[in-house]
Amino acid sequence: MYIEKYQATGNDFILFKEEVLNPSEVAIKVCHRRFGVGADGILFPSSSVVADIKMNYYNSDGSIAKMCGNGIRAFAKFVYNHQLVSKPVFKIETLSGVKDIVIDSDMIKVNIGEPKLIFSEDELTQSYDSHHVYHFNILDGYILSVGTLHAIIYDVTEDLKKEAKSIQNDPIFVDGANINFVKVIHRNHLFVETFERGSGWTLSCGTGVSASVYHAMMLGLVDQGEVFVDVKGGKLVVEVKDNQIYLTGPAEKILEGNFI
């Protein structure tokens, strides 16, 4: 199978030009960092009737992800480079809706969409409003969704970050969530670390960064306008306009070849 590997602020992905048979099995095999190529997940295209192209994403453990903010930038660059789309402004279908893409040289801008703040008992195991604190075991935080579910926890010590897995398994979640630890540096500057469902600790999580900026803005911890976010894998920019979240950052190809 012909593959290319991309990284987007340290989040790495294996990309295929065609639909993948048995994608869960392939993801587990190719993403293994000892017996495969190594990656946080796989991405491959399929046809769409509602957008220019559809993105399919599987985590390294074989589970399906509805959306990935870093993955969609890598996918956008990949399909544009291979002329699977004809112009630098296009739409990608995901399991969390259609996303608008703008490619400008090495930077890719994605409309992540409008966040979800109010949850019924069908979506979580209890009703919840993102304006209110939720008590996770020994830590307090918040929950919201930007196509994927995120917990937001502010100003946590390194020692308490070890609780990420137990927070991910909190009874409120039907099928886990991504856990974001957020530090406010300035009124337009955050540092975010994410423990992802299906991948564990990653160098960057695009939807996690998007959710973190929106929530910090909602609480008045950062100002309106562009917010710069440091992650362990680099830097991202998030902007909220008309309640839509826009994520901008790089994505680059780092290898190509055939996987047996």
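Using the three backbone atoms N, Cα and C, a Cβ is placed for every residue, glycine included.
Per TrEMBL, the features are as follows:
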- CYS68: active site, proton donor (ACT_SITE)
- CYS68: active site (ACT_SITE)
- CYS205: active site, proton acceptor (ACT_SITE)
- ASN11, ASN59, GLY69, ASN70, ASN178, GLU196, ARG197, GLY206, THR207: substrate binding site (BINDING)
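Feature map: annotations from TrEMBL on the structure.
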| residue | record | DSSP class |
| --- | --- | --- |
| ASN11 | substrate binding site | strand |
| CYS68 | active site, proton donor | coil |
| ASN178 | substrate binding site | strand |
| ARG197 | substrate binding site | coil |
| CYS205 | active site, proton acceptor | coil |
Check your understanding: Pick from ASN178, THR207: which of these binding-site residues has the biggest number of other Cβ atoms within 10 Å of its Cβ?
Key -> THR207
Check your understanding: Just counting, how many other CB atoms are there within 10 A of the CB of ASN11 (substrate binding site)?
Key -> 29
Check your understanding: Within 10 Å of the residue listed as 'active site, proton acceptor', Cα to Cα, which of the recorded positions ASN11, CYS68, GLY69, ARG197 are there?
Key -> ASN11, CYS68, GLY69
Point to revise | Distance, ASN178 (substrate binding site) to the residue listed as 'active site, proton donor' (CA atoms, angstrom) | key: 11
Revision key, fill the gap. Pairwise CA distances across ASN11, ASN59, GLY69, ASN70, ASN178, GLU196, ARG197, GLY206, THR207 (listed as binding substrate) top out, in Å, at 15
Check your understanding: If you count Cβ atoms within 10 Å of the Cβ of CYS205 (active site, proton acceptor), leaving out that atom itself, what do you get?
Key -> 33
Review point. What are the other residues, in sequence order, whose C-beta lies within 8 angstroms of the center of the C-beta atoms of ASN11, ASN59, GLY69, ASN70, ASN178, GLU196, ARG197, GLY206, THR207 at the substrate site?
Key: ASP40, ALA65, CYS68, GLY71, THR148, THR194, SER199, THR202, SER204, CYS205, GLY208
**Study point:** Nonlocal residues around GLY69 (substrate binding site), in sequence order (Cβ under 8 Å, 6 or more apart)
**Key:** VAL110, ILE112, VAL146, CYS205, GLY206, THR207, GLY208, VAL209, SER210, LEU247
